[in-house]
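Reviewing the structure listed below.
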Amino acid sequence: MSMNQNAPVKRGRMEEIGSDPAAADPLAVPESAAKRSKLDPEVEADEVELFPELDDEEERTPSRSPSPRVRSQRQCAEVAKKKIKTELRPGETRKEEAEKKVQSGESPQKEDRECSCERSDCPVSKTCTLHITETCMGARPDVGRLYTHLSKGEHVCKNCYEQIWTNGRPKFDHFMDWKGGWMNESRCAPSLKAFIQDQLLPFWVQCTACSKFRTLPMDASTPTSEFIESFNCGKCEEPESPSVAEASERSWITSVASAPLLHNSPALHYLAGDSYYYDELGMSPMNSEVEEKKEESSSRVFLAPFNLPHETSIAFSVRPDCMEHDETEAFPEFVVEPVPYLALRNLVFALWTKNPFKYLTPRECSSHLICRGLGRIWMLNELKRVFDFLNYKGIINYGILELPEKPVTQIGKSPPEVIIIGGGISGLAAARQLRGFGVEVKVLEAKARVGGRMQDDWSLGVAVGCGAQLVTGILNNPIALMCEQVGVGYRSLTEGCPLLDATTGKRVDAKVDRVVDEQFNAILDAHGHWRSSVKEPEDGSLYEHLTTVHEKLLNLGAVKWTEAEERVFQWNIGNTEFSCGVKLDQVSALYWDQNESLVQFAGAHALLTEGSSEIIKKLGEGTDIRLNSPVERIEWESNKKCSVVCKGGKRFSADRVIIAVPLAVLQKGSIQFAPALPKSKSTAIRGLGAGLIEKIAVRFPRRFWASLVKEDGSLDYFGHVPADGKKRGLFNMFYDFSSRGNSKNEHFVLMSYVCGDSVEIVNELSDVEVVKMFCDTLQDMFGEEKIPEPTGHVVTHWGRDPYIGMSYSYVRVGATGDNYDGIADTVGGRLHFAGECTNRFFPQTMTGAYLTGVREAGKLLENWRKKE
Ligand SMILES: Cc1cc2nc3c(=O)[nH]c(=O)nc-3n(C[C@H](O)[C@H](O)[C@H](O)COP(=O)(O)OP(=O)(O)OC[C@H]3O[C@@H](n4cnc5c(N)ncnc54)[C@H](O)[C@@H]3O)c2cc1C
C-alpha cells in the first residue's frame with residue numbers, strides 16, 4: 001500500500017495508485033440535504049430562497065454552483081471560464097468590451113434603469129441609502145416607482161439611481177470601469193444592483209467601545225482588519241440603526257437583490273489567479289489588496305487548503321467552490337445557493353492555514369470579513385456558526401496549540417465528563433480537542449507512559465522510533481503540522497532504493513531490478529483489472545492471487561525468468577508483507593489496499609529525525625492522565641452514566657467513554673463490556689487483522705554501507721534480497737538512521753524489521769542472537785566488506801506487550817473497508833471508538849490514529865450542541 005508508512009515505496013507504481021481523484025464522489029449530496037430547508041421556522045420551506053429578488057435570468061448568477069440534481073454533470077470552474085472567454089474576439093478582454101460599449105454610447109439594460117420595491121415586508125416609507133446627489137429623495141413614502149430595492153433596509157431613490165446609469169453623470173464612469181473589471185473575473189453578469197452592492201453601499205463596522213454597528217462615510221476606502229479591530233464610533237450614546245437588528249435575522253438574506261461579496265478575503269492568498277471566478281467563491285472580483293498567490297509563507301510548504309481544478313486532489317484540501325458532504329448536512333439551507341457559505345468557510349480556512357501556530361478566534365475572522373452594506377452584519381452572524389462547525393470538527397485549530405482560557409465555541413452550560421481509555425496518539429488527540437471546548441476529560445492509560453505505539457529509544461545516540469517514525473505524505477498531514485508547531489525535526493526521504501543480493505554479496509543488477517519491477521507492476525495491474533471487471537469477485541488471499549498471476553504471466557513466455565529475478569520478486573512480496581504487517585496469505589485480495597481508492601495525503605514521505613516523543617508529550621500536556629490504570633470493565637447503558645473499572649477495582653464515571661486501545665486488545669477481550677458489545681461490533685473487530693512487525697536497530701563503529709550513498713550524500717534505505725524466498729520477512733529493508741551533519745557526535749545506525757514468517761524470532765531468540773542474525777545478514781549482503789562488531793542495539797517486542805500486541809491493522813480475507821467503519825461506530829450513544837483500526841481512510845498510521853481522536857471529539861461536540 002502506498003499509504004503504508006513503512007514501505008519506502010521503491011516502486012513508482014505504488015505512488016501512482018496513491019491518489020485517484022475520481023475515486024470518491026465528493027459532490028454527492030444526501031437527498032435530505034438537497035431539499036431546501038427553512039432558515040426561519042415561520043417560513044415554509046418552499047418559500048425560502050436565498051436570493052429571491054434575482055428572478056430575472058440576466059441578474060441571477062448563472063449556475064454559480066450546481067443544483068444537487070445536476071451535481072454529477074458539474075463542470076470545473078476552469079472549463080466554464082474558458083467557455084465564456086471564447087465568446088470574446090481574440091485578444092479582447094471583458095473590460096475592453098465594456099469600454100467599447102461605453103464609447104459607442106450604449107447604456108445599461110432597461111431593467112437596470114427601473115426603480116421598484118414591491119416587497120410587502122419592506123415599509124412603505126423608504127430611505128435612500130446612497131445620498132450621492134443633491135436631489136436625493138432621502139426618506140419618504142414610496143408612491144409609484146421611486147425606490148429600488150436592494151435588501152430589507154437598503155433602498156436607492158430614483159434620483160441617486162439615475163446618477164449611475166445615465167451616461168455623463170458622475171457615477172456612470174465608475175460603473176463602466178467596474179463593469180469591465182467585473183466581467184473579467186466574475187461569472188455573474190454585471191448589473192447595477194451588483195455594482196451598488198459591491199462599490200457604493202456603506203461599510204458597517206462595529207464599535208469596539210459600545211458594540212453598536214455604524215456606517216462609515218460614503219467616500220471611505222475599504223476598511224482594513226486593523227481598522228475594524230480598533231474602530232471607535234465616537235458617538236456611543238446614539239442609538240443603533242434599526243436596520244442592524246433586521247440584518248441580524250437569519251432570513252434577512254432572502255431579501256437581498258445581489259449577494260454581498262467579500263473584499264480582500266484572506267482566501268485570495270491561495271486563490272488569486274485564474275482558476276476560479278471570484279464571485280463563485282463569495283469574493284468580490286474587485287479587490288484592492290490581492291496578495292501574491294505564491295508569496296512566501298512558512299505554512300505553504302506543509303499545508304494546502306484548497307484543491308485547484310488543474311491539481312490532483314489532496315487529503316484535507318477542500319474545493320473552494322463546493323460544499324463537502326458534511327457541510328451540506330450541517331448547513332442544508334446553503335445547498336441551493338452555497339456562495340455565502342463558501343465565502344465564510346474559505347475565509348476561516350485560509351486564515352487558519354496562514355497561521356496554524358495560534359488558536360484562531362471568531363473575532364480575528366470577523367475583522368477580515370469585509371463587504372459593503374448590511375450584508376456584513378448578516379455574514380458576521382453566520383460566520384460564528386461556520387466557525388463553530390469548522391472548529392468542533394477539528395478542521396481548524398487542531399494539532400498542538402495553546403488552548404484559549406475560555407472556549408471560543410460554547411457547547412453547553414454544564415460541560416460533560418468524558419473518559420478516554422488509552423493514552424496513544426488517538427486518545428491524547430481526542431482529549432486535547434475536547435479540552436479546547438471546556439469538556440472535562442480523564443485519560444486512563446494502562447502503561448507507565450503515554451504514546452502507545454509511538455515510543456522512541458535514544459540509547460544509540462539517535463532517535464530510534466520503536467513504533468512509528470515515518471510520515472506518509474507531509475502535505476496537510478497533521479503529524480507534519482504538529483512537528484512544525486512544536487519544532488520537531490523531520491526530513492523528506494530520498495527516492496530510490498538499492499537492493500543487495502545475499503546470494504551474491506553484491507548489488508542487484510539494474511536490469512534485473514527493472515524487469516522484476518515491471519513484472520510486479522504488471523501483476524498489480526492485472527489484479528486491479530480483475531477486481532474491477534469481475535461482477536461479484538470472490539475474495540481470496542492476496543498471496544494466492546499475486547502468485548497465480550505471476551505464474552500465468554511467466555507461462556505466457558513473455559519473460560525469461562531467472563533465479564536472480566525470482567529472488568528479487570520474493571523481496572517485493574516481502575516488502576508488501578511488511579506494509580500489511582502480515583504474510584500475504586492472510587490478506588484480502590479484494591480489499592488489501594481499500595484506502596488507496598480514497599484521496600490520500602500528498603507530498604514527500606518523511607522521517608521524524610527527532611522521534612515522536614516530543615509530539616506525544618506536548619499533545620498530552622495539561623490533560624488529566626492516569627498512568628498505570630489498565631481498564632478491565634466498562635459498564636454502560638444508554639441514557640445513563642458509564643462506569644469504568646480499572647485493575648484493582650478503582651472506578652470512574654463519565655457521560656461518555658472513548659475507547660482508544662489497539663485492535664489486538666479489543667480482539668483479546670481483555671476489556672469486558674457490560675452489557676456485551678452488539679454482535680455487529682464484535683464481527684467488525686474480528687474481521688480486521690492485527691498485523692505485527694518488530695524493529696531492530698544496531699549501531700556500528702563505522703558506516704560500512706557508505707558505498708551505497710548517492711552523489712548528493714543521501715541514502716535513506718536499501719533492500720535485502722534473501723537467498724531463500726521463505727526469509728523475505730527477515731530484514732527486508734535497512735534504514736540508515738545515522739546522525740547527519742555533526743562529525744563530532746556521529747552515530748552510525750541501521751534499523752531493520754522482521755515480519756511475516758520471521759516475526760517470531762524476537763521471542764524465540766535472545767536480543768543478542770537477533771542482533772547476530774542482523775549482522776550475519778549484512779555480511780551476506782556486503783560480501784567482501786567485513787562487518788564490524790556492533791556497539792549497541794534496540795530490539796522491540798510489541799507482540800508480547802499485553803496492552804499493544806500488534807503494529808498495525810490489515811484487511812483479512814473476507815473482510816472489507818466497512819470493518820473499519822464498524823469498529824468506529826458509536827454504541828448506545830455512550831461508547832465511542834478511536835484508534836488506528838477505526839480509520840478506513842488512513843488506517844495503520846499515526847496520522848490516521850490522530851484523526852480518529854479528532855473525529856470522535858467532533859462527534860461528541862456535535863451531539864451536545866444539537867441537544868442544547
Ligand atoms: C513497529 C511499528 C512501526 C510502525 N511504523 C509506523 C510508521 O512509520 N508510521 C506510522 O504512521 N505508523 C506506524 N506505526 C503505526 C502507529 O504507531 C499506530 O498506528 C499508532 O501509533 C496507533 O495509535 P493509537 O492511538 O491508535 O493506538 P496506540 O498507540 O496503540 O495507543 C493505545 C494505548 O492504549 C493503551 N491501552 C491498551 N489497553 C488498555 C487498557 N485496558 N486500559 C488502558 N489503556 C490501555 C496502550 O497502552 C496504549 O498506550 C507503527 C507501529 C509499530 C508497532
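We count from 1, first residue shown onward.
A Cβ is built for glycine as well, from the same backbone N, Cα and C atoms used for every other residue.
Curation does not apply to TrEMBL; its annotations are automatic.
Per TrEMBL, the features are as follows:
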REGION    1-113  region 'Disordered'
COMPBIAS  42-59  compositional bias 'Acidic residues'
COMPBIAS  79-113  compositional bias 'Basic and acidic residues'
DOMAIN    198-244  domain 'CW-type'
DOMAIN    309-407  domain 'SWIRM'
BINDING   SER426, GLU445, ALA446, VAL631  FAD binding site
BINDING   TYR753  substrate binding site
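Positions of the features from TrEMBL, shown on the structure.
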| residue | record | DSSP (3 states) |
| --- | --- | --- |
| SER426 | FAD binding site | helix |
| GLU445 | FAD binding site | coil |
| VAL631 | FAD binding site | strand |
| TYR753 | substrate binding site | strand |
SER426 (FAD binding site) to TYR753 (substrate binding site) - Cα separation in whole Å: 24
Proximal but sequence-remote residues of the same chain as ALA446 (FAD binding site) (Cβ under 8 Å, at least 6 apart): GLY422, ASN628, SER629, PRO630, VAL631, TYR803
Contacting binding-site residues for ligand 1, chosen from SER426, GLU445, ALA446, VAL631, TYR753 when the Cβ sits under 6 angstroms of any of its atoms: SER426, GLU445, ALA446, VAL631
Between GLU445 (FAD binding site) and TYR753 (substrate binding site), the C-alpha gap once rounded to whole angstrom: 27
Arithmetic mean of per-residue pLDDT over the domain 'CW-type' (198-244): 95
Non-site residues, in chain order, whose CB comes within 8 A of the mean position of the CB atoms of SER426, GLU445, ALA446, VAL631 at FAD: ILE420, ILE421, GLY422, GLY423, GLY424, GLY427, VAL443, LEU444, LYS447, GLY452, SER629, PRO630, ALA660, VAL661, TYR803
Other CB atoms, at most 10 A from the CB of TYR753 (substrate binding site): 24
Largest separation between Cα atoms (Å) of residues that the record links to FAD, namely SER426, GLU445, ALA446, VAL631: 17
